[in-house]
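Each remark here refers to the structure printed beneath this line.
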């Protein structure tokens, strides 16, 4: 090996932080291929590669040199991360244990051939999910099953409840990264975790009310209210929480429906039925994936109107983040319904941010796009949409 791979910051940094990658010790104008790879906790392999040419001094700086081909092209300093693709189809890169880092192997290979030539240089870059001083505290209080992430310092800190979608389980990686930016974040499970229900047959809003109360009573959480962040099914749950519960200051949702979905929602003596669907309207892509965008009934039509969430009852503002290539459901249409409904009741219109080329699954920066995967509950390959480069741009804006 004749080349040296340098990383800034060296050694380890947070997953959502950019890293400066450079190579020294090459011949002037030398053609090389850079390859990145990592294995997740299930030993699934993810890879990306790009072709470059060294400058006249035998150096390569990814902040200055455009990729000439491979997994991406153009000036993309972080492309070797956001362009990672699974070796096995339909695998999604997620972080299951935030207490351990991902180890990214970077290799410099001679030439531009598909398999490239001999190994010239190598480095291992660790990207972790807990900033120095961030505390991870499992929460098993009453019915609440969650994990609380607290920033370093004495606090109190602004609080956020973080909910994921219809795959269930307890997803911590977004909450752990947000804690590194000064928020006290509760990653909240609501089914398919420990003693919680295995299936989402009925949803009781009192469970989420208990989680809000836990946060507001915590000495490290700044009251008198908390914010909500929800993705997909977790998004419409956040909309319901904001509409019916006290102590909610603001709500941000990522590709969410404005109606209650999947299961009836119960709160005290009230029931909001779930928006029904017509499974016969699904489509199958050329790759054999299920496209579900057309199966959902229109919540504005009279038979389905009762599934709409009464957003006008909320006290705080809303932010709708919309992937314009979402093939899970019609996120853009739902955001417009929310805007019209709020204005019809004399409320401020929500902020809506549209991201062209972005699909359903929007993770924090540098997570690769998940265009399709096997759904954890449906056990079917689902097409979610999106284009990698546009997806990476949206990530950096949504989670700066």
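The count begins at 1 with the first shown residue.
Cβ atoms here come from the backbone N, Cα and C positions, even for glycine.
Curation plays no part in TrEMBL annotations; they are all automatic predictions.
What TrEMBL lists as domain 'BAAT/Acyl-CoA thioester hydrolase C-terminal' is 204-396. The active site, charge relay system annotation in TrEMBL covers 232, 326, 360.
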Number of Cβ atoms other than its own within 10 Å, given for residue 326 (active site, charge relay system):
24
To what whole number does the mean pLDDT across the domain 'BAAT/Acyl-CoA thioester hydrolase C-terminal' (204-396) round?
96
Using a 10 Å cut-off, grab the number of neighbouring Cβ atoms around the Cβ of residue 232 (active site, charge relay system), all chains included.
27
Do you know offhand how many angstrom separate residue 232 (active site, charge relay system) and residue 326 (active site, charge relay system) by C-alpha?
11
If you measure residue 326 (active site, charge relay system) to residue 360 (active site, charge relay system) at Cα, how many Å is it?
4
